[in-house]
Amino acid sequence: MSQNEPKIPQATAKRLPLYYRFIQSLHASGKQRVSSAELSEAVKVDSATIRRDFSYFGALGKKGYGYNVQYLLDFFRKTLNQDEITNVALVGVGHLGTAFVNYNFLKNNNTHIVVGFDADETKVGTTMSGVPIHHVDEMEQIMKQNKIDVAILTVPSAYAQSVADDLVRFGIKGILNFTPARLTVPDTVRVHHIDLSIELQSLIYFMQHYPTAEGVHQ
């Protein structure tokens, strides 16, 4: 985010890619304008929250008219840096890592896994879905060559912190952590933790204690 752009709440920032994906779909279908109520129904975020999120960026729409789809598309493409390619490294090419390589964020035009790393000699030197797999000992050199500053971590939890330490040392600025380990990194490095077992347990708890959901979607 540049100095000229507003600093928005983190919760709002996490919803922006969701809005952008739906707006892309609207644009592809030929729709020219959309109301906050229509957006709310599609993305399962209440209208008041959508209007508040959009208000951080100024007047994106007009009362009684809604939002111009083309304008929103252009605005969010610029805000989310969709014209700037982000190269991503995958560290840990096990079952989950292999799934990421095969998927490779096909719906995201600006995000691609360009290299994978693993300690398994049977995987090193192979190519999976067009992504070359290298030994973890080669991370520093290859990451610098490819100007990578984002990594997905899917290694065994016992190795997560030491691998994260290496990633930080190699200049990584963002880590998407799929291991159960809670990583310690400098303030200059952003980590998002995604623990699938915790998410599943949380889902089951909410099913049991909040069965009607009341319009709340996580």
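A Cβ is built for glycine as well, from the same backbone N, Cα and C atoms used for every other residue.
Model, not experiment: these values are computed from the prediction.
Per Swiss-Prot, the range carrying the annotation DNA-binding region out of 18-57, 98-137, 178-217 is 18-57. Local packing around the Cβ, expressed as the count of other Cβ atoms within 10 angstroms, is greatest for V93 among the binding-site residues V93, L96.
Between the listed binding-site residues, namely G92, G94, G97, the fewest other CB atoms within 10 angstroms of a CB are found at G94. Beyond the DNA-binding region (18-57), the same-chain residues lying 6 or more positions past its ends with a Cβ under 8 Å from any Cβ of the stretch are 6, 8-9, 12, 65-70, 72-73, 75-77, 79-80, 82, 107, 215, 217. Of the chain residues outside the NAD(+) site list G92, V93, G94, H95, L96, G97, L90, T98, A99, F100, D118, T154, V155 have their Cβ within 8 Å of the site's Cβ mean position.
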